[in-house]
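Before any comments, here is the structure.
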Amino acid sequence: EWPETGRLALYLLGLRATCPLPEPGPQRLLVTWLKYYLEEDWAGSRRHGQPLTSYYQYSLGVLALCVHRKRVREEVIHRLLAAEHHGRFRHTGGSAVGKGLRGQTGWWHPSASVWQPGWYCVPTDTEAVVALAFTCLERERLVGSRLVAELQAARRRVKRRMVETQDPDGFFGNVYSTPWAMQVFIATNTCRTQPAYGRAMAALLENLDAFTTAATMAQVLPVLHGRSYLDIASMHCQEELDTLTPVSAKPPAEMLGNMTLRLVVECPELWCPQHRLYNRMVSAPAGASLLDVLRAAAMQGPPNFTFVTQDTPQGPFLSRVLGMEARQQQRRYWQLLTASGTSLQMGVADYRPHDGETLILRLSEW
């Protein structure tokens with residue numbers, strides 16, 4: 001089993017943010033487990049020179065421990081410093097911030113070291129989490145004075161790369177990576193003096209409908225309030241209002257009728273004798289998600305349509321279509337596209353097609 005580094009790190013961050021009752025026993029046990037995972041994560045692929053999961057998860061682990069004001073061994077910090085110095089968070093092409101390949105529930109990128117659904121991210125995510133972890137270690141004074149200068153220099157390099165490679169549309173990498181990057185400017189009190197931050201905020205406000213899952217909302221909400229995850233460490237829980245009271249909301253209006261769209265499955269001729277494996281009109285209820293459309297297609301054969309998803313922290317991940325599996329070992333993933341060739345910016349459970357649309361599932365290679 002893979003170390004649960006990232007999942008446990010996010011849980012501990014969320015737990016601290018909810019101001020739990022002062023019962024240190026269970027939390028202390030979870031922190032101990034996270035420290036154990038950090039060591040297992042690295043030892044599991046020591047010969048590869050990178051964590052068994054990914055630098056993204058590894059950095060999340062360091063950030064979570066810091067927010068809980070727990071020290072980590074200097075060797076753990078040096079691993080991240082060395083990775084940043086040698087550009088190991090970036091794509092082999094050299095770009096610190098890439099558009100990335102939007103999987104179905106997370107952002108996948110070759111910077112991830114293993115095929116593990118739900119934890120795929122463009123380099124922006126990784127570098128931003130690393131910069132936040134470095135800032136936290138410095139702010140909480142959890143490192144020696146000789147390490148502070150190295151952490152500051154690495155953070156400056158990360159911020160400079162983010163600014164230099166900001167997209168014309170204002171995003172740092174993509175819409176989902178942008179909140180992570182913006183948290184770095186907030187945590188370092190440079191958001192007001194950095195024009196790139198203002199452009200990113202404008203782009204974010206125009207695309208808030210992309211944040212539909214709990215995981216993505218948890219990244220964007222602090223930014224909208226001018227906060228970062230580092231603020232969790234300085235919360236005064238006695239003064240916090242109870243904001244977890246359920247609010248009864250009106251259910252969304254039910255859409256009546258059906259819609260019809262074209263579903264296409266493509267596979268490169270190098271891998272498949274037949275390039276187009278599936279091309280059929282599919283009928284589904286109006287307002288249905290892409291996942292619902294796939295389920296409808298599976299019931300409307302022939303030809304028979306089959307697919308497999310895997311549950312992840314951010315929702316279902318499309319892993320197999322018509323028997324063809326997306327495998328990291330073969331550098332393959334299922335890309336979701338519109339008829340114009342534009343990659344979808346949401347996952348299969350979040351994207352809601354419109355009547356008459358053509359959607360393409362393409363087995364692609366990074």
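The first residue you see is number 1, and the count goes up from there.
Positions of Cβ are set from backbone N, Cα and C atoms, glycine also.
Summarising the annotation, TrEMBL assigns cyanocob(III)alamin binding site to T53, S54, Y55, Y56, Q57, D125, N174, Q219, W334, Q335, L336, L344, W366. The Cβ neighbour count for N174 (cyanocob(III)alamin binding site), using a 10 Å radius and every protein chain shown, is 24.
Per TrEMBL, disulfide bond is recorded for C66-C136. Its Cβ taken as reference, C66 (disulfide bond) is surrounded by 25 other Cβ atoms within 10 Å in the chains shown.
Note: the Cα of N174 (cyanocob(III)alamin binding site) and the Cα of C66 (disulfide bond) are spaced 27 Å from each other.
The binding-site residues shown are T53, Y55, Q57, W334, L336; of these, the one with its CA atom nearest the CA of C66 (disulfide bond) is Q57. The Cα of C136 (disulfide bond) lies closest to that of Y55, out of the binding-site residues T53, Y55, W334, L336.
The binding-site residues under consideration are Y55, W334. Their Cβ neighbour counts within 10 Å are lowest for W334.
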